[in-house]
Ligand code: PNS
């Protein structure tokens, strides 16, 4: 069975990596679906985000993880790939409220689409890409939130 793990991954955090590893143990294939969001200005380009994830999954030896892009509605991507299970991580109650809403929209838009949730590992439950971007913007130490490779990519991007 395959699963889609969608997100912006701007950038990939330790929380995302933990999710990908856990999903790769549970499913035959994990499709990491990186959102192409023209409206939302990302710090890392689509190609950079993809490269970071690619390097990470190679380093971690996750052979059953593939990376794809998607634009527009997630349900259309699910239809195109023929994978109708989507996984998201839940860090806090606020995530639940936000995610529940999206999951309900998605299941209404596409009959049979299921969203499953994994509880974040508590040690990563405060980490967000937006928090990492904020720290990086002011040249702070991001080493507790991202992998070494992502830290290097951040330092290159933010010139420090
Ligand atoms: O990493 P993020 O930014 O929290 O990921 C959010 C994402 C990409 C999963 C979500 O915004 C999404 O699926 N966007 C695509 C548009 C869509 O299908 N929205 C659902 C109906 S409201």
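We count from 1, first residue shown onward.
Even glycines carry a Cβ here, placed using N, Cα and C.
Per TrEMBL, substrate binding site is recorded for 8, 40, 74, 88. Listed in sequence order, the residues of the same chain lying 6 or more apart from residue 8 (substrate binding site) and placing their CB within less than 8 Å of its CB are 34, 35, 37, 40, 42, 49, 129.
Residue 129 (ATP binding site) counts 22 other C-beta atoms within 10 Å of its own C-beta, drawing on all protein chains shown. TrEMBL lists 8, 9, 16, 89, 90, 91, 99, 124, 125, 126, 127, 128, 129, 130 with the feature ATP binding site.
As annotated by TrEMBL, domain 'Cytidyltransferase-like' applies to 4-134.
Over all protein chains present, the Cβ of residue 16 (ATP binding site) has 25 other Cβ atoms lying within 10 Å. Marked as site 'Transition state stabilizer' by TrEMBL: 16.
The binding-site residues near ligand 1, defined by a Cβ under 6 Å from one of its atoms, are 74, chosen from 74, 88, 90. For the substrate site, whose annotated binding residues are 8, 40, 74, 88, the maximal Cα to Cα separation is 20 Å. A coil conformation is recorded for residue 125 (ATP binding site) in the three-state DSSP classification, outside any helix or strand. When the neighbouring Cβ atoms lying within 10 Å are counted for each of the binding-site residues (40, 88), the highest count belongs to 88.
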